[in-house]
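Heads up: the structure comes next, in C-alpha cells.
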Amino acid sequence: MEETELGVIQHVNTHGSISANVRLVNAVSSNDPDVIKFLLVMALCNTVVPIKSNDGTVSYKAQSQDEEALVNAAAKLNMMLISKDTITAEICFNGSKFWYELLDILEFTSDRKRMSVVVKEGETGKILLLSKGADEALLPRACPGQQIQRYLEAVEMYSQLGLRTLCLGWRDLKENEYKEWSKNFQKASCSLDNREFKIAEVCNSLEQDLQILGVTAIEDRLQDGVPETIKLLRNAGINVWMLTGDKQNTAIQIGLLCNLITSGPNSQLLSISGKTEEDVLRSLERALFIMKNTSETKGLAFVLDGWALELILKHSKESFTRLAMLSKTAICCRMTPLQKAQLVAILKSVGYLTLAIGDGGNDVRMIQEANIGVGISGREGLQAARAADYSIGKFKFLKRLILIHGRYSYNRTAFISQYSFYKSLLMCFIQILFAFLSGLSGTSLFNSISLMAYNVFYTSLPVMTIIFDKDISETTVMQYPQILLHSQAGRLLNLTTFCGWFGRSLYHALVVFFITICAYSDEKSEMQELSMVALSGCIWLQAFVVTMDTNSFTCPQILLIWGNFVAFYMINLILSTVPSLQLYTITFRLCSQPSYWISMALTVAVGMGPVVAFRYLKNLYQPSAVNILQQVEQRNGSIRTSGNLESAGANLTNLLTGSRKNRDSNYRPLLSESAESVSASGS
C-alpha cells in the first residue's frame with residue numbers, strides 16, 4: 001500500500017498477510033486521518049461477508065481473493081470488519097466501534113474496472129463515497145490539483161514485481177447531491193432499455209473529483225507445479241496463451257515465473273501497443289513481419305492489451321489472425337471477459353482446437369467458447385467449474401488431464417471406432433459374397449439368432465478391454481510429453497488407417513468365406529453348419545485381432561477376450577440342445593469333427609499371418625514414435641533406467657518433430673479439423 005502522507009510502501013498477499021513496516025504501524029497507532037480513510041476503504045468497499053464464530057473470532061468469505069486479502073490486511077492493521085448485512089456494517093478500529101449505513105453499491109464491471117460504495121457514518125451522518133479500481137479507471141478521476149505522479153510510479157513499481165495493483169479513492173458527498181443522484185440511480189436501475197449503459201453513466205457521474213488515498217499491491221502466488229505443467233504442455237506441442245485482466249508488466253512477470261516466456265538470448269517478446277491507432281497497427285505489422293522471418297527455434301511471443309486488441313479487431317483482424325497462427329505463445333493483458341472469448345473464437349475460426357482454463361467468473365465466456373473448457377474449483381468460487389466440460393482442483397492436474405487421460409482416450413476412441421466398422425463390415429462382406437454364390441436369391445447365410453447375437457453378445461465384450469489398454473506407461477508419457485504430437489498428427493485415426501481396417505475386413509471376409517465353402521460345400525453339409533462355421537471363423541479372427549491390437553494385458557482384458565471366446569461356444573452348445581431351434585445339434589456335430597477345428601486353425605493362420613508379418617516389418621524398418629518408446633520399455637523394463645535412452649530419444653524427437661510438418665492429405669485426422677491445439681489460460 002502506498003499512503004499519501006507517509007509515503008509508505010507496503011504489499012499484501014492473497015492470504016492477507018502484510019510486510020512489516022514500522023511507519024505504517026505507528027501511523028495506525030496515532031490515528032492518522034489519511035491512514036484511517038485508506039484502511040476504511042479497504043474494509044468497506046467490497047462484497048465480503050464476515051462470519052463470526054462461537055469463540056468470537058471473525059473470518060471472511062468473498063467471491064474475490066483480492067477483496068478477502070484486503071479485508072484481512074485491514075483487520076491486521078486494527079481496522080476490522082466485525083459484522084455486515086444489506087443495511088449496516090460495523091467496524092472496530094483500535095478498540096472503538098463504528099457503525100455505517102450502506103446506502104448504495106456501485107458494482108464492479110469489466111468495462112468500468114472499478115467499484116464504489118456509498119456509506120453514511122452512524123455518528124456524524126456524513127455521506128461518503130468509497131472507491132477502488134484499476135489505476136487507469138481511478139486516477140483520471142482524481143480531484144483537480146492532486147498530484148498523481150507518485151501513484152503512477154508506485155503502480156509501475158509494483159507491476160514490475162508481478163503484483164496486482166488497485167487504487168483507492170474517497171469523496172465527501174453533500175446530502176442534496178446524494179439525494180439527486182440516488183433518484184437517477186434508482187431510475188436507471190429500473191430501466192428496461194439499455195439498463196447497464198444507463199447505470200454506468202449514472203455511476204460515472206458520481207465517481208468524480210476523488211481524493212486518491214493510495215495504492216494496494218496484492219501478491220497472487222502461483223500454485224505448486226504451474227511452471228512444470230506449462231513446460232510439459234509446450235513440449236507436447238501445445239501453444240499456450242495467457243489471457244488476463246492484469247496490467248502488462250504484472251502479466252509479463254507472471255509469464256516469466258510460470259515458464260510461459262523466458263528471458264534468454266533466444267527469446268524475444270514483441271509488444272503490440274501504441275498511443276494512437278496508427279502506432280498500434282504499425283506495431284502489429286512489425287510483429288507479423290518478425291514472426292514470418294524468424295526461425296522456429298527462437299522463442300517468440302507477443303504481448304498486447306485490451307485497448308490494442310479492440311482497435312486491431314476493428315481495422316486489421318486478418319493480420320492479427322495470421323499473427324495468431326504463427327505465434328506459439330502470447331500474453332494478452334487487460335482483457336475483458338468478452339475479449340477473452342473473442343480471442344478463442346478467432347483461433348477456432350482458423351481450425352485450431354482450443355482448450356480454455358480459468359478459475360473465476362470472468363473466465364466463463366472464454367471457457368464456453370472453447371472446444372474444451374476446464375474450470376479450476378477453488379477460492380475464486382465454482383462459476384468456472386460449473387460452466388466447464390471438466391473441473392480440476394489445481395492447475396497442475398491439467399498435465400494429466402491432457403497428456404495421460406486425453407491421450408489414452410484418443411487412442412481408445414480411435415481403436416473402438418475403427419474396430420466397430422471392421423467387425424460390422426466383415427459380416428456384410430461375407431453376406432455379399434454368399435449372395436453371389438446363391439445367385440442373388442436373397443438367402444441369408446446367417447440365421448436371425450446369429451445376426452442378433454453377433455453384435456450384442458459375441459463381439460461386444462472384447463471391445464470393452466480397450467478401456468484398460470495403455471500403449472506406453474504413464475511415466476514414459478510424462479518423460480516424453482512430445483509423444484502427444486503423434487496423436488495430434490492423427491496417426492491413429494485418419495483416412496489411411498480407416499482404409500487399412502476396411503481392407504482388413506474385406507480380406508478376412510474372403511478368407512472366412514472361401515475356407516468355409518471349400519471345407520463344407522459338399523451335399524452332406526447343412527446350411528446351418530455352413531453358417532456356424534463362417535460365424536465361428538469371424539469370432540476366432542476377431543479374438544486374435546483384439547489380442548494383437550492390445551498393448552498391455554491385464555486380468556480383466558484376458559478374461560473379457562478369451563472368456564467371451566469360451567462363452568460363444570457355451571451359448572451355442574446350449575442353443576443346440578433346444579429342438580425347436582434351427583441350431584439343434586449343430587454345434588455338437590461340428591465340435592466333434594476334426595475338419596471344423598482344422599478350418600478354424602487355417603482361418604486364423606491365413607487371416608492373421610499377413611497382418612502379423614506386415615506389422616513386424618513395419619515396426620522393424622519404419623517404427624513410429626510409440627514403437628520406439630515401447631522398444632525402450634521392453635529392453636530396459638522401465639524408462640527411467642534406460643541406458644540407451646539418449647540415442648533413442650534423438651531419433652524419437654526427430655520423428656515427432658517431423659510428424660506434423662510432413663503430413664499429407666492421407667494423414668488428416670478424422671475427428672478434428674486441425675492437428676494443432678492451443679491452450680488458452682485465463683486469470
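Every residue, even glycine, has its Cβ placed from backbone N, Cα and C.
Unlike curated entries, TrEMBL annotations are predicted automatically.
Copied over from TrEMBL:
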type     : residues                                                        : note
BINDING  : E67, F108, K132, R164, T244, G245, D246, R334, K340, N362, D363 : ATP binding site
BINDING  : D359, D363                                                      : Mg(2+) binding site
DOMAIN   : 385-624                                                         : domain 'P-type ATPase C-terminal'
TRANSMEM : 501-520                                                         : transmembrane segment
TRANSMEM : 532-548                                                         : transmembrane segment
TRANSMEM : 560-584                                                         : transmembrane segment
TRANSMEM : 596-617                                                         : transmembrane segment
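Regional average pLDDT for the domain 'P-type ATPase C-terminal' (385-624) in the model is 87.
For D359 (Mg(2+) binding site), the nearest of the binding-site residues by C-alpha distance turns out to be T244; the candidates were E67, K132, T244, D246, K340.
Sorted by the number of other CB atoms within 10 A, the binding-site residues E67, D359, D363 start with E67, the lowest. There are 30 other Cβ atoms within 10 Å of the Cβ belonging to K340 (ATP binding site). Cβ neighbour count for K132 (ATP binding site): 24 (other Cβ atoms within 10 Å of its Cβ, all protein chains included). Counted within 10 Å of its Cβ, the other Cβ atoms near T244 (ATP binding site) come to 23, all protein chains included. Around the Cβ of D246 (ATP binding site), the number of neighbouring Cβ atoms within 10 Å comes to 23.
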